[in-house]
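K.L.:
The disulfide bond annotation in Swiss-Prot covers Cys329-Cys360, Cys512-Cys544, Cys550-Cys561, Cys555-Cys570, Cys572-Cys582, Cys929-Cys956, Cys960-Cys973, Cys967-Cys982, Cys984-Cys994, Cys1163-Cys1198 and rests on similarity to another entry. The domain 'F5/8 type C' feature in Swiss-Prot is assigned to 23-174; the stated evidence is sequence analysis. Sequence annotations record features per position, and here Swiss-Prot assigns domain 'Laminin G-like 2' to 367-544 based on sequence analysis. For 546-583, the entry in Swiss-Prot reads domain 'EGF-like 1'. As annotated by Swiss-Prot, domain 'Fibrinogen C-terminal' applies to 584-790. Among the features that Swiss-Prot reports, domain 'Laminin G-like 3' is placed at 791-956. Summarising the annotation, Swiss-Prot assigns topological domain 'Cytoplasmic' to 1258-1305 and lists sequence analysis as the type of evidence. The transmembrane segment annotation in Swiss-Prot covers 1237-1257.
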Amino acid sequence: MDSPALGAVALLLAGFWHLGLTATNYNCDGALVSTLPSSAFTSSSEFFSTHSPSFAKLNRRDGAGGWSPLDSNEQQWLQVDLGDRVEIVGVATQGRYGSSDWVTSYTLMFSDTGRNWKQYRKDDTVWVFTGNSNADSVVHHKLLHSMKARFLRFVPLKWNVGGHIGLRVEVFGCSYKSDIADFDGRSSLLYRFNQKLMSTFKDVVSLKFKSMQEDGVLFHGEGQRGDYITLELQKGKLSLHINLGDSNLHFTNSHTSVTLGSLLDDQHWHSVLIERFNKQVNFTVDKHTQHFRTKGDSDHLDIDYELSFGGIPVPGKPGTFQRKNFHGCIENLYYNGVNIIDLAKRRKPQIYTGNVTFSCSEPQIVPITFVSSSRSYLLLPGTPQIDGLSVSFQFRTWNKDGLLLSTELSENSGSLLVYLHGGRLTLLIQKVAEDPVEISEGTNLHDGLWHSLNINARRHRITLTLDNNAATASHATTVSRIYSGNSYYFGGCPDNFTDSQCLNPITAFQGCMRLIFIDNQPKDLILVQQGSLGNFSDLHIDLCDIKDRCLPNYCEHGGKCSQSWTTFYCDCNDTSYMGATCHNSIYEQSCEAYRHQGKTSDFFYIDSDGSGPLGPLRVFCNITEDKIWTAVQHNNTGLTRVQGAGPEKPYTMSFNYNSSAEQLEAVINSAEYCEQEAAYHCKKSRLLNTPNGIPFAWWVGRANEKHLYWGGSLPGIQQCACGLEESCLDMRYFCNCDADREEWTNDTGLLAFKDHLPVTQIVITDTNRSNSEAAWKIGPLHCYGDRQFWNAASFNTEASYLHFPTFHAEVSADISFFFKTTSLSGVFLENLGMKDFIRVEIRSPKEITFSIDVGNGPTEATVQSPTPLNDNQWHYVRAERNLKQTSLQVDNLPKKVLEAPAEGHFRLQLNSQLFVGGTASRQKGFLGCIRSLHLNGQKLDLEERAKMTPGVKPGCPGHCSSYGNLCHNGGKCVEKYNGYSCDCTSSAYEGPFCKEEVSALFEAGTSITYIFQEPYPVTKNASTSSSAIYADAITSKENIAFSFLTAHAPSLLLYINTYFHEYLAVILSKNGSLQVRYKLSKDGLLIFTIDSGNFANREMHHVKINREGRELIIQVDQVIKLKHNFSEIDFKAIKSLTLGKVTDSLPLDPEVSKANAYGFTGCMSSVWYNHVAPLKAALRHPSIAPVTVKGSLTESSCSSLMETDVNTATTIYSSSDPFGKTDEREPLTNAVRSDSAVIGGVIAVVIFIIFCIIAIMSRFLYQHKQAHRSSQTKEKEYPENLESSFKADIDLQNTVSECKREYFI
């Protein structure tokens, strides 16, 4: 068994030992109240003496049959003194016998002293117990976790509407025995070992403590080699410092420090358990556990001489301590099974004590809690007209702002205000006709810790002291003398209070106060509670009900938690997540999702598990027409040379993908297909074949498994691709490299078994022989397809559904999916618990509802749509619930957000199966399609489950009805089983969404001519019923669009001529204006000039010319520049279209001829004529399209040239495929630097020169042959996947040598 496993077993056994050690009595269910004397019962008030609390024993009929208070309100309570600290495991209640008085709900509070009460909580929420429904039945409650206390209070919350509060009670439990030590802040216990050194591999320390201050050392031990362990309170939190010293201490940092807990200075008991086995440590404070491993190499803890508890004594200096000592009580202190306090009580010689006693002495401090931000206040009387003022108190809060004190000073000396603003303390004295006096002190006083405040004034001088630090006290001087006030308002002012005795320039205080002194006299807050001193509103007296809402931290994915008194906030900056609790990823889950948003190829972050624990991963998304590829790069994708590696000294390379193994696994599992190229170039270096069967090279994949097959082969077969194809150089072997030849060869192929990918390491062992050399290359991880994005199911009956395991989402739940339907209503999904549930449904054609109940009653978030959602289109739904809010998003409609209550139940407890498309009752089922269903980032495979479920079919057709609008510029949406694609055949653009421009650089002599099908017969009286094959040539309309960029005028942009010597020309005249010129046989020359500026200005311009019948519209740069109606036009029988220079001898008017002389120099993009894209045809289909190119034509991006001089733009555009694969039989010269590489380079240059000479000769021969080509043509059969527009227009010659395309090198 490995070390981590041993550690886990050891810690588990330690936990069982600890449980056995601390258990006091397994039969802990005895009745504790029935034998108590009458004096053990007290209450807030009593209706009559016959209704006193002494009659509140269960099943008793004495007096009036139970306790009832004077007034029935939430300030009443019944208190029981159980005589000693006991363990309480249950309670029971009854109403007042024979009456209409009973309590329907209540809370419990407990205390050791009858002061400083604590409310019983469950899941950090004050637990509300269900009471009675009549006067005599008994309602029992067994506590989820027991309480150890002497005093117990029942606090009624609600009671019978037709009666009053009435109560009889019983408490169940048993005696509780413990060993307690009281530390006064100046003492400690020392536990000395029997030997000089205590060396341990396993330690278990357990204790309970109650602290009177926020700092102090609980225990400490250290050794001479640097080992130490320290547990101490720091600002109300518990810190464990541990160092397992080793010999390399000076070279490594083995110190480990972990902090846990909060508000531990509240004078209540807190439990601690520390379990260590070697480096593995479990640190538990109350219910919160943190698991961690210590740093360094050592496994054992060496402590010299002794352990100290309560402080760290300085050797040789009795009574002197290194850090602040602990002030409070420690109970049941065990160190590795030794009861330290018991040894001390029995005065064992190994225990040395300071001023330590063995009972817990606690000060009778009464805190109060200001509950409301608007109504809470405490009014206490002062001693008026005293010369001077003295007020002091302590406070703690999470709120940055709040009024602490307001009073009107006597003798017209003004008003005194003390308040928090932005976490800083401000004291303000203001008086009419005098400048206000202001003092500001402190920062971050809303940190939840106790802060003391002391205000002293004498005559004209006032002093403000914060946290008893006299050295930093602030002083101010007033014009008038200061006299003590009559009334002091703490925390706020009464409602509608306009008297100047209480002023509040800020919100009311929410927090706790204690130790209030006015005029140097302490104020008894119990008298306030009894109504005999001052006044108050919305206070909890005798308890500080502060709660750390950031413990545990419910901000996910590393979000930073901050809080106020009523809620918490999450800072999601630098987390890659968003939302109220940083739950939702800001990135998509796959490249497929980015494509769905209309994105094009680029680097993106993807978050494969969405809101799950895995972080985002940077990938390259290659979004093409047919597949969407995801590429994950690693640290070494180039060709790498290897020499000198043998079995004793192998060559090893590990790959870093800048991601975790879990992230890569999620990407691979989500994809339909994955691959990695593996190339091994070898010269006398074998790959797989060895005499004993152990290969010379191998690779390591997922799960750290060693694999013995190479690229192009299959798992379990120790072969290369050529072995499967039976094409190896030497047929005796299964790899080319295994032939062990002196010349370079290679074995290259794809590794495509997903369960083995990615490649994490490669090992090579055969390059240490004479003249032996190898070079390897492992390409990036490539995957395509998102198995979930189009994963869908069709629900055909209302009774059909899919069921999945229970959805576990106690504190955070997000549900997202797409749906389409024609039904009026139906439940998308439902999961039930005993009382809790979660449901998403379409209630009406325009209404989606998300319903949830976590125990506080149902909550519904509803989104109303202005248009019906049952339109058989895909719609997106995202429902989310966290501790702060419940929300529902439908498509891009406004999100519906409901804030969660600050208190109450918050854990969603579900236990039934998850029903998708229906309910457990088989009613209100959904009819339609659901796809891409995610729950908390996890993907549910609807298709696989639908294959085995009657009434449900896998998949759902009809994606183009929703996503067809993503195909732009004339592209057509094509349905696919798992999605859709855009067919850009009928578009001048290309790309996955037909949005990418097709553009090229023209020089003065560049000419592109597109030849249309010749009409038959060539006559203007040709029947309109001629074959459809002539439709393009005889049409009587123009739909022209193109973009251009140039710095030259005049220029000929576009020329269209007919078989009847008519033409249409688009030119730039000498002054840069745009002209559209029609030459018609009837009307002669018609000229339309757009003279709105110089269009030869090195900027991109977009031109659209539309003529339908007699109406002509010319639009430039999205603005209609001209409209014209022809009297008559008959522009048909199109012969050809030319971009740039017209090279044939054609009749041109002088202006067109002049422009043609200059041709066109610049960039032209996305040219469209009716349904023909001549520029795209020239660049993409030169061998099959009826297009001729003359001069230099270089594909380029016009937008990239806008800042460049088009006269000198000569950079050739290269559209490199990031997934391009090279099929080389030798290593790349830039990777393998050897003499053979240099020779190869020289040979390549010579070959290149020879090809250039051949190309030039071919050009002249081709031009000569073109001049004498036959005018007769023969129709050719085209491939089926060719664009349909080309099939009708292409006119090819009989042989390839007679193609109309002209090439230039």
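Here the Cβ of each residue, glycine as well, is placed from N, Cα and C on the backbone.
Predicted, not measured: the structure shown is a model, and the values here were computed from it.
What's the neighbourhood like for each of these?
P.N.:
Around Cys329 (disulfide bond), taking its Cβ as the centre, 23 other Cβ atoms fall within 10 Å, counting all chains. Classification of Cys329 (disulfide bond) by DSSP places it within a strand.
Secondary structure at Cys544 (disulfide bond), taken from DSSP and collapsed to helix, strand or coil, is coil.
Taking all protein chains in view, 18 other C-beta atoms sit within 10 angstroms of the C-beta of Cys561 (disulfide bond).
DSSP classifies Cys555 (disulfide bond) as coil under the three-state reduction.
Counting only same-chain residues at least 6 apart in sequence, those with a Cβ under 8 Å from the Cβ of Cys572 (disulfide bond) are Cys555, His557, Gly559, Met578, Gly579, Cys582.
Within its own chain, Cys956 (disulfide bond) has Ala792, Ala793, Ser794, Lys820, Cys929, Arg931 as residues 6 or more apart in sequence whose C-beta sits under 8 angstroms from its own.
The Cβ neighbour count for Cys960 (disulfide bond), using a 10 Å radius over every protein chain in view, is 19.
For Cys982 (disulfide bond), applying a Cβ distance below 8 Å and a minimum sequence separation of six or more within one chain yields Glu625, Leu966, Cys967, Gly971, Lys972, Cys973, Val974, Pro992, Phe993, Cys994.
DSSP assigns Cys984 (disulfide bond) to coil in the three-state reduction, placing it in neither a helix nor a strand.
For Cys1198 (disulfide bond), the same-chain residues 6+ apart in sequence whose C-beta sits under 8 angstroms from its C-beta are Glu997, Ser999, Ser1043, Phe1044, Leu1045, Met1100, Cys1163, Met1164, Ser1165.
Across the residues of the domain 'EGF-like 1' (546-583), the predicted structure has a mean pLDDT of 94.
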K.L.:
Residues sitting near the domain 'EGF-like 1' (546-583): Cβ under 8 Å, six or more positions beyond its termini, same chain?
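P.N.:
Sequence-remote neighbours of the domain 'EGF-like 1' (546-583) are 124, 261-263, 266, 288, 369, 373, 396-400, 448, 510-512, 605, 607, 611, 613, 615-616, 811-812, 814, 880, 882-885, 902.
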K.L.:
Does the structure show the domain 'F5/8 type C' (23-174) and the domain 'Fibrinogen C-terminal' (584-790) touching, where I'm treating 3 or more Cβ pairs under 8 angstroms (sequence separation 6 or more) as a contact?
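P.N.:
Answer no, regions not in contact.
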K.L.:
Three states by DSSP: which one describes Cys561 (disulfide bond)?
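P.N.:
Note: Cys561 (disulfide bond) is in a strand by DSSP.
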K.L.:
Quick one: pull the CA-CA distance for Cys570 (disulfide bond) versus Cys960 (disulfide bond), whole Å only.
P.N.:
40
K.L.:
From the disulfide-bonded residues Cys512, Cys544, Cys561, Cys960, pick the residue whose C-alpha lies nearest to the C-alpha of Cys360 (disulfide bond).
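P.N.:
That would be Cys544, the closest of Cys512, Cys544, Cys561, Cys960 to Cys360 (disulfide bond).
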K.L.:
Between the disulfide-bonded residues Cys544, Cys973, Cys994, where is the Cβ count within 10 Å the lowest?
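P.N.:
Counting other Cβ atoms within 10 Å of each of the disulfide-bonded residues Cys544, Cys973, Cys994 gives the minimum at Cys973.
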K.L.:
Same chain only, sequence gap of 6 or more: which residues have a CB within under 8 Å of the CB of Cys984 (disulfide bond)?
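P.N.:
Result: Glu625, Cys967, Asn969, Gly971, Glu990, Gly991, Cys994.
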K.L.:
Need the DSSP three-state call for Cys570 (disulfide bond) to compare against my parser.
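P.N.:
Note: Cys570 (disulfide bond) is in a strand by DSSP.
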K.L.:
Output, ordered by sequence, the same-chain residues six or more apart from Cys550 (disulfide bond) with a CB under 8 Å from its CB, or 'none'.
P.N.:
Ser262, Cys561, Ser562, Gln563, Phe568
K.L.:
Is Cys1163 (disulfide bond) helix, strand or coil when read with DSSP?
P.N.:
strand
K.L.:
For Cys973 (disulfide bond), which of the three DSSP-derived states applies: helix, strand, or coil?
P.N.:
strand
K.L.:
CB neighbours of Cys555 (disulfide bond) within 10 A?
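P.N.:
The Cβ of Cys555 (disulfide bond) has 25 Cβ neighbours within 10 Å.
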K.L.:
Between the Cα atoms of Cys544 (disulfide bond) and Cys960 (disulfide bond), what distance do you get, rounded to the nearest Å?
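P.N.:
Pair distance, Cα basis, whole Å: 62 Å.
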